[in-house]
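A.B. asks: I'd like to ask you about the structure that follows.
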Amino acid sequence: MNRPPQLYQPYNPNPSQQQNYQTPLLQQQTNQMSNKMTPPQNLSPIPNYQNTGTLNSLSSQNGGIVHSQEPFLANNVAKQMKEMQLNPQQPHGAFTQYRPPGQNLASGPSPNITPPRPLMTQQPPIPPPPTHSLPQSVAAPVLGMPQQKFNESLSTTETLNVKSYASGNQIHANMPINQSSQAFITTTTTMTNITNGPTMIAPPIGQPPQPVHSNSIGFPPSVSQPMNFSKNVGPPMTGQHISGNIPSTSLPPPMGHQPTIPYGTGQKMPSTMGQQIGMPPTINQRPVQNVGMPPLPGQQRGIAPMTGQPMGIPPFTGQQTGMQPLSGQTMGMSPIPNQQMGMPPMVGQHMPMPQSVGQPHGNRQPSGINSPMSAPVGASQQPKKIDPNQMPNPIQVMKDDQAAFNEEVFLTSTRGKVPPLVSTKCRIQDDGNCSPRYMRSSIYSMPCNQDMVKTSGIPIAIVTTPLAKIPDDENQIRYVLHGAGGPVRCNRCKAYMNPFMQFIDGGRRFICNICNHSSEVPQDYFCHLDHQGRRVDMFERPELCFGSYEFIATVDYCKSGKLPSPPAFIFMIDVSYQSIQQGMVKILSEELRSRLENLPKDVGMEESVIKVGFMTYSTQLHFYNVKGNLPQPQMMVVTDVEDAFVPLQDGFLVNYNEAKDVINSFLDMLPEMFREARETEVILGPVIKCGVEALKSAGISGKLYIFHSSLPIAEAPGKLKNREDRKLLATDKEKTILMPQGNFYMNLVKDCIDAGVSIDLFLFPNSYVDVATIGLMVTQTGGQVYRYSFFKEVTHGKQFSSDLKKNFERTVGFDAVMRLRCSTGLRPVEFFGSFVMNNTTDVELASIDSEKAIAIEIKHDDKIPEDGVAYIQNALLYTSVSGQRRLRIHNMAFSTCSQLPDLYRCCELDTIVNYLSKFALRQVLTSTPQAIKESLVQKCVQILACYRQHCATPSTSGQLILPECMKLLPLYVNCLIKSDVLAGGSEMSSDDRAFLMQACLSMGPASSASYFYPRVFALHSLDLDHDDDIIPEQIRCLGEKFQENGVYLLENTISMFIWIGLQVNPQVLQDIFNVKSIGQLDVDMTQLPELDTPLSKRVRQIVEAIQSERQRFLKLTVVRQRDKLEPWFKHYIVEDTGFNTSHLSYVDFLCHVHKEIRNILS
């Protein structure tokens, strides 16, 4: 695109000769451009207030200040006003059409203006969207005009440079900001009633969205109320029509909103209307917004409608509630005509495709995911806003980091060097420090004192995944041989031998790097030193040359003073009516046959030594004797669930290879055995209690695999009540339905930890099951929750099979205890994750696997020498699947720093985001949603404000300066604030919200980075000949990147979508989906068809590669452009506003952060 020459001065790298960017040059260019701008027809000339100055975005790189000309939005902008006149003959609240100055009312309305329609006490019939163009006399904002007042005051008078791009032209608008001025724009409005359609709810994770059904539309039903899809309720969707008159009383307003009342003569106007129409609002007064009907095709929110169009006073969709949006803020995504914004479709209902689908469209420009249905000729121009492409780009940051490590092996011993991003594919070599795959830090240069941490606001946090999976081409964990005395440890702090301990006195003593205590070397561990003071056998002992290694523990590290036995798996199957009818029992029986053939085993072992047992239950407990010498399995029934017990010991837990025939016979008989079951109620508490008792009596640790279908409401210990009330989500009372119900299941957690028993829960619900209670019990034992709502074999069969397979294949340890040790001056203070702590130092887990991560916050308890080194050692004691007691050790060494610039240069953003997410999730049960969001914003602002104040070259307060390592911090914090896990409201169920909270609490940095900023890939433009990597390059998760002629894949570690534009090439559809037009596409598909085309093979390779990276199977959802699933899909486009009215886009949030930084600095 063409840019005006010499608009910005080149940056002088010498800070002492840094250019002043507030020059008359910008003013001169702007005046030239503004002289070329012509107001729309019928708008009178408006004074243009201008001032000098510009805003520049700065980022720090390699210790210097690099200027990048990134535009930012002006606060308190007063650019242009449109004149409006009040007709004294009409009632209050009714406005005449816009007329140019000088035109008398007596002369009649302009021929291009529709006369105003009279006010009505009832809602008139809603006409379909017109296909004609807007009248030329309709008042529309001038290009770049702000849509809303932003009630903020700035401390100085400056001019912000805003770049907008339209048709390849660059337009510069100088907009003055002043401490006492308020940006405003008045628009013609009319009052009317608002009628709302039925509330649509978000689907269960991986399910299509569903409406909230009730007798009174707009209110959620009870769980027991049957769903009725026979009637289309609410506003018509695309392709539907409204017949007849719809009175305004037919549909109540959404919960939490006051119904708008038609204003007539004699009625008082609200406070927002208590001023002369056409005049600017007073300070701190919200201007009236033009809302009511959805915007016409091609019309932007905030643009004045055709005269006589009904409008109301509630805030815009996309406008913040209780806070004025930033000037120029994107007001949400353009809605589908006749569709209520943000409302997902009903289950099984799909959008009828327009007649133009599959037909040529000439030279029409692809308009993308945020485009309206159509753009009528003569429609007003879209208001210009800041170009998101000028903001710090996460994809570019990932590309640069990948390029930096493409041909390089990252050596972990380089102190002060930040490791590759979690998205970077590279080879990591452990040469003293542990691999970042095992343990990552938020900073890699430890501050010398706590004052630096308080000033900067940067948390010192460690996120560890002790059993993480390591690529085959990297150093695998090494095992250490030791004598009968066990691993060598410090006599004082009990730290384990590591590469950073120093040997003295000819090798007879060593100095601990953790506590500086000198200990004697055991006689069987002694070795001479070389001329450099190192042991001559250093490279022969993994604990002296690697950052990560394992000891085989002695009996001193075992419970009861004896070595453990191999663990056991107990499969506990719900055989109630719902489970049988869904087909869950039948599918599970088939899956267990293949899974039991591949039970987990340690490396080097020929076969698994894990024992297995089986239970079924509904309102009774059924135990099975599957001993290998029996001709067929035997069942024992326990009917007294109030005091349940295990009726047999011998034959309940068996080795699979020894009892294979009896077990397979049992699995064959299981579906038929309960085919006539009619019990609709189930128990759960006694089931878990008996499973724990069975393993405890056998003296072994293990895991309970529970396959459960519904809320345990049968009379038994652990009975739960239905407390679903989704309207409480995202309110101050949400904690009442997100915290566990009663103490029964939390007490069971303690029993599980003591016995070393974890739980993996597979849920198959058709309604509420209280995941907040039973799911929390599962995750605190180190287990995981899987959900398959409205289970069907066709839809969920592969997902269930894959989840069970992944669960069996990953590395797992049982009866685990973890402790983090820090060198002198540091100590761990807070632990975040899924575990139990009975003291201040030991993290206890019934089991831990390769996907579970734990975050630990560290603080100073003393100063660290400036030229010293800080050390951290993490030790995990666990039992392997072969019954071996092991100690896995991870070590890290940090350089120290006493200057804030050095601290900011060594920050690691992926770890900071992971820590912040876990920190916020812990607060959900004790704080309010608003307080949590404010806390996150405050942390972000403090970090950036400190850098601006103490590290950056002095500059004007209008400049936003971001540290290079954390220039994406505002993006990730905004994504965290907007995510379902923190902000999920009544559009989702409390089970969905609790499920996401529990999943995110145990995520590692790689998973959390993709969850909060989803990965997006363009499938229609794949290079089939030269792509060396299976997974292609990402594109930004931004609405404008989704074009109508494209096919895109989005995944966020929980869900996977494929979005198809209406103008996609038919050959692409044929190659991927085997259909000739988008109208023939089956949007209910959950798997891609296997076609013998290069594009189909490539796309399926990408999907399979993504699935292999995730700990759970991602169910595929296909979304067509402008289909009813699209509003819900847009929710995952995190750089945009989304359909939640309280959320900000990336650009707007960055401006908000900038404003808060200015407030701190002033």
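Just so you know, the numbers here start at 1 and follow the chain as drawn.
Cβ coordinates come from backbone N, Cα and C, glycine included.
Those TrEMBL annotations? Automatic predictions, nothing curated.
Source: prediction; values computed, not measured.
For reference, TrEMBL lists these features for the protein:
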{"type": "REGION", "residues": "1-64", "note": "region 'Disordered'"}
{"type": "REGION", "residues": "91-137", "note": "region 'Disordered'"}
{"type": "REGION", "residues": "356-384", "note": "region 'Disordered'"}
{"type": "DOMAIN", "residues": "487-525", "note": "domain 'Zinc finger Sec23/Sec24-type'"}
{"type": "DOMAIN", "residues": "909-1008", "note": "domain 'Sec23/Sec24 helical'"}
{"type": "DOMAIN", "residues": "1032-1101", "note": "domain 'Gelsolin-like'"}
A.B. asks: DSSP says what for the domain 'Sec23/Sec24 helical' (909-1008): how many helix, strand, coil residues?
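C.D. replies: When I sort the residues of the domain 'Sec23/Sec24 helical' (909-1008) into the three classes, I find 70 helix, 3 strand, 27 coil.
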A.B. asks: Summarise the model confidence on the domain 'Zinc finger Sec23/Sec24-type' (487-525) as a single mean pLDDT, whole number.
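C.D. replies: Taking every residue in the domain 'Zinc finger Sec23/Sec24-type' (487-525) and averaging pLDDT yields 95.
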A.B. asks: When secondary structure is assigned with DSSP, how many helix, strand and coil residues does the domain 'Zinc finger Sec23/Sec24-type' (487-525) contain?
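C.D. replies: Output for the domain 'Zinc finger Sec23/Sec24-type' (487-525) reads 6 helix, 11 strand, 22 coil.
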A.B. asks: Going by DSSP assignments with H, G and I as helix and E and B as strand, what are the residue counts for the domain 'Gelsolin-like' (1032-1101)?
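C.D. replies: Tallied per class, the domain 'Gelsolin-like' (1032-1101) gives 22 helix, 11 strand, 37 coil.
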